[in-house]
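Presented below is the structure to which this report refers.
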Amino acid sequence: MAEESLRRRKGEDKGEDRQSIQSHEPQTMNLQKQANLFFFFFFFFPLWSVGLISGICMIVGTIIGSGIFISPKSVLGNVGAVGPCLTIWAACGVLATLGALCFAELGTMITKSGGEYPYLMEAFGPIPAFLFSWTSLLVTKPSSFAIICLSFAKYASAPFYPGCDPPPAVIKCLAAAAIVVITLVNSLSVKLGRYLQNFLTAAKMIIVTIIIVSGIVLLAQGKTDNFKDSFKDSKISVGSISLAFYNGLWAYDGWNQLNYITEELKNPYRNLPLSIIIGIPLVTVCYVLINVAYFTVMSSTELMQSPAVAVTFGDRVLYPAAWIVPLFVAFSTLGSANGTCFTAGRLVYVAGREGHMLKVLSYINVKRLTPAPALMFYGFITIIYIIPGDIDTLINYFSFAVWIFYGLTVFALIVMRFTRKEVRRPITVPIIIPVIVTLIAIILVLAPIITTPELAYLYCALFILSGLIAYLLFVHLKFSWAQKISKPITMHLQMLLEVVPEEEVPE
């Protein structure tokens, strides 16, 4: 009866709501990108017709987020000196550029949504694709959401604990509250989430500009003492460099989704690679300048002892207006968390249509047109992650898992150069680029395990491999008892959340 009622209700809404659901499908895929850059497009709308400028703005606004305020301390801690630290930040930008070019070829060759999922499906079949969706759903996306919310909580609470780290309990409670609020906002209204994103994106660009300009002024005033003998006391090893890359690349997270701007760009097959080649190096320059700004007022030791790097910078440079920094950094991290929540349901839609995930997670609310079940599921899993974890551990955990699939996806590009020669490739990168990215991904995954083994890597690897058992039981064999359990759960969730499939399912 419940399912029949929902079908009847959906049928009544076939006119306006059905069309709205269909019209919202393509924009859900790249909603974070649209929201992050809405601020730019609103003020620079005449430039939109140019295409290239718009693509560059989209890249810059998408990538810059919470990482640049959290990662500097961890990058420095792994390499031990200013010189290697700045080198790592520049090298991460180069790697992100090369990886983005590889994904641009994949995205224009295989025009299906779902990130790495369709690329792995085309190249290697359903098992690697399922493992990606399994890992993304339960490891990488929730841990990413958790890192950003913990970053927000750290900066939001820092002014109340001057000179020392805020208590972990305070940070985790505040992060959990942020997760609940963001999840509810995006579950209740797509429009409300976008309005919130517009404001937070503006705040993000303001604080980045303030820090960079302040750093340039300090350099012009001769604040260069901390750059002398910048490679002295550095601790360089394969393992330390890999962990430094983990933290640096976290700040560049989002480069792998830039092929989604194909739909927005004018003449995308020309402007997409140009946007990547210009946009990511521009982000790299911003990141290096922000780190330089930090070092103009803090030595390596002082930066490592700082409970919140940007807050310490503001206290020393902007006093008595230092309160601006933690406020706007909190806004920036909150914007990144909101943007992450915007895109949380897209992968689930694709995996659900392939039968690789619970169907109910790909349902949409009939009134608000939001993927409420997927968002609530992500919020619940994310809260579990913040209970035992800290930011550095979660970043290593996230990076280890995500670079396994980044490397595998770029390797898929190499494989399809030989197995899918007939496929049209509007963008073709030199084969040496995916080879380099694949080799670096292998090093990034293996080096920390070999040089500084930790249980977190073992747990992550075991969890990824456990997806094979899930695939065998629920996808390949399709045990009937699992369907008997899931059907009543799906029915009750449909009634509770008022959600329906994105597309009509034939009876």
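Cβ atoms here come from the backbone N, Cα and C positions, even for glycine.
Predicted, not measured: the structure shown is a model, and the values here were computed from it.
What TrEMBL records for 1-19 is compositional bias 'Basic and acidic residues'.
Residues annotated as region 'Disordered' in TrEMBL: 1-25.
If you look up TrEMBL, you'll see 37-70 (among others) marked as transmembrane segment.
Feature annotation from TrEMBL assigns transmembrane segment to 86-107 (among others).
The transmembrane segment annotation in TrEMBL covers 169-190 (among others). Outside the transmembrane segment (169-190) by six or more residues, the chain places 24, 31, 145-146, 149-150, 152-154, 156-157, 196, 334, 337-338, 341-342, 344, 365, 368-370, 372, 375-376, 378-379, 382-383, 386-387 with a CB less than 8 A from a CB of the stretch.
Positions annotated as transmembrane segment by TrEMBL: 202-222 (among others).
Residues or ranges marked as transmembrane segment by TrEMBL: 234-252 (among others).
The annotation transmembrane segment is assigned in TrEMBL to 272-297 (among others).
Sequence annotations record features per position, and here TrEMBL assigns transmembrane segment to 317-349 (among others).
Per TrEMBL, transmembrane segment is recorded for 369-388 (among others).
Residues annotated as transmembrane segment in TrEMBL: 394-415 (among others).
Residues or ranges marked as transmembrane segment in TrEMBL: 427-450 (among others). Same-chain neighbours of the transmembrane segment (427-450): 95, 98-99, 101-102, 104-105, 108-109, 238-239, 241-243, 245-246, 269, 272-273, 396, 399-400, 403-404, 406-407, 410-411, 413-414, 417, 457, counting only residues six or more beyond its ends whose CB sits under 8 Å from a CB of the stretch.
Look at TrEMBL and you will find 456-477 (among others) tagged as transmembrane segment. Cβ atoms under 8 Å from those of the transmembrane segment (456-477) belong to residues 126-127, 130-131, 134-135, 138-139, 355-356, 393, 396-397, 400-401, 404, 448-449 of the same chain, restricted to positions at least 6 beyond its ends.
When each of the listed stretches 86-107, 202-222, 234-252, 272-297, 369-388 is scored by C-beta pairs under 8 angstroms to the transmembrane segment (394-415), 234-252 comes out highest. Taking Cβ pairs closer than 8 Å, the transmembrane segment (86-107) reaches residues 63, 75, 79, 119, 230, 241, 244-245, 248-249, 251-252, 255-260, 262, 272-273, 276-277, 280-281, 283-284, 287-288, 291-292, 406, 409-410, 412-413, 425, 427-429, 433-434, 436-437, 440 in its own chain, all 6 or more past its ends. The list of residues near the transmembrane segment (272-297) in space but at least 6 beyond its ends in sequence, with Cβ under 8 angstroms from a Cβ of it, reads 52, 55-56, 58-60, 63-64, 68, 72, 82, 85-86, 89-90, 92-94, 96-97, 100-101, 104, 108, 208, 211-212, 214-216, 218-219, 223-224, 226-227, 251-252, 255, 258-259, 261-262, 265, 303, 309-310, 312-313, 316-317, 427, 429.
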